[in-house]
Amino acid sequence: MNVHEYQAKELLRSYGVPVPNGIAAFTVEEAVDAAEQLSGPIKVVKAQIHAGGRGKAGGVKLAKSQEEVKEFATELLGKTLVTHQTGPEGKVIQRLLVEEGCAIDKEYYLGIVLDRVTGRVVIMGSSEGGMDIEEVAEATPEKIIKEVVDPAVGLQAFQARKLAFAMGVPVKLVNKFVGMVTKLYTFFVDKDCSIAEINPLVTTKDGDVLALDAKLNFDSNALYRHADVVALRDETEEDPREVEASKNDLNYIALDGNIGCLVNGAGLAMATMDIIKHFSGDPANFLDVGGGATKEKVTEAFKLILSDENVKGIFVNIFGGIMKCDVIAEGIVAATKEVGLELPLVVRLEGTNVDAGKQILKDSGLAITAATSMADGAEKIAALVK
């Protein structure tokens, strides 16, 4: 789960991470009022969307007067901002962050992530902070410095100092930098984050260290432990189908293809998408119905798949372990009848009560194509949608 920058900064502020003073605004009038409450000659008006690259796309403006704040707020609110992370459709700006400007001396990058290779938390830093960090990582990866944290002891002060010196943080500001990194790490662990990124982290001419931007991503599986984070969720920034899926306890991610997939188990779902691609098909979604699917849940899954107008066929791939194939078959039949399915439907069943499940599909009288294996099913659905 993602949150907006202004929400991320308030969360970090509560842990003692220094951030600029700022106020969220949902209207032009609120933006002007916010600017009046803030200090300093420069105000920064920042578009709030769940995507990076806002600066390059024109979503961050420096205002030197109240008139410019009003002008920029009017320009940004309601605008569709297209960045390298939004895709060509972009995202509509519905809120702004108005913030006090600061005299930047140097920009850095600081990020904390879970590393799949080491299975540990890794803290990354670079002296090349700012808008082009992705290009830096690709062109000169040696400029990204990493510190792996031992989970048994947590982040050690010497690791943060080592990072500071490698990044070229001024000696007089190293202690402040170490304090920020330590607090950010504590937040990361306490709140079950998967990403905590500050880009840029800046040193100022006044001798401060500030988180000028903040990106936080939280592990959705741990949200039940963090009601304060859940309260910050902005569903308007998410795919409506993914929001609907979460309400029905379905794991759904929309893709760009035309073959809808209904599978039980995340690993099998990924393998299903791979084998569809192998047979020159294009999956329209990742959809894991989990191990406890009911007829009602399968029906909701079908509705979800069919809400994508690009879908030209559906491949159901079930391996019944905890889940029983006859229950899934009943759900498929009920769902097909309820939604009036007219698209090609290929079903592959294996596992518990598989014979009973296949008989239910056969006796339904519906135009369901049976598959003997995952490869057979993928090949059949790829051919049917062409």
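Along the chain as shown, the residues are counted starting at 1.
Using N, Cα and C of the backbone, Cβ positions are placed for all residues, glycine too.
Features as listed in Swiss-Prot:
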- LYS46, GLY53, ARG54, GLY55, GLU99, CYS102, GLU107: ATP binding site (BINDING)
- ASN199, ASP213: Mg(2+) binding site (BINDING)
- ASN264, GLY321, ILE322, MET323: substrate binding site (BINDING)
- 9-244: domain 'ATP-grasp' (DOMAIN)
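Projection of Swiss-Prot feature records onto the structure.
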residue	record	Cβ neighbours (10 Å)
LYS46	ATP binding site	24
GLY53	ATP binding site	16
GLY55	ATP binding site	17
GLU99	ATP binding site	27
GLU107	ATP binding site	19
ASP213	Mg(2+) binding site	27
ASN264	substrate binding site	24
GLY321	substrate binding site	12
ILE322	substrate binding site	12
MET323	substrate binding site	20
Pairwise Cα distance for GLY55 (ATP binding site)/MET323 (substrate binding site) [Å, integer]: 48
Nearest recorded site to GLY53 (ATP binding site) by CA-CA distance, among binding-site residues ASN199, GLY321, ILE322, MET323: ASN199
ASN199 (Mg(2+) binding site) and GLU99 (ATP binding site), Cα-Cα, nearest whole angstrom: 16
Candidate nearest ASN199 (Mg(2+) binding site) in space, where candidates are the binding-site residues GLU107, ASN264, GLY321, MET323 and distance is Cα-Cα: GLU107
Length of the line joining the Cα atoms of GLU107 (ATP binding site) and ASP213 (Mg(2+) binding site), in Å: 11
Rounded distance in angstrom between the Cα atoms of ILE322 (substrate binding site) and CYS102 (ATP binding site): 58
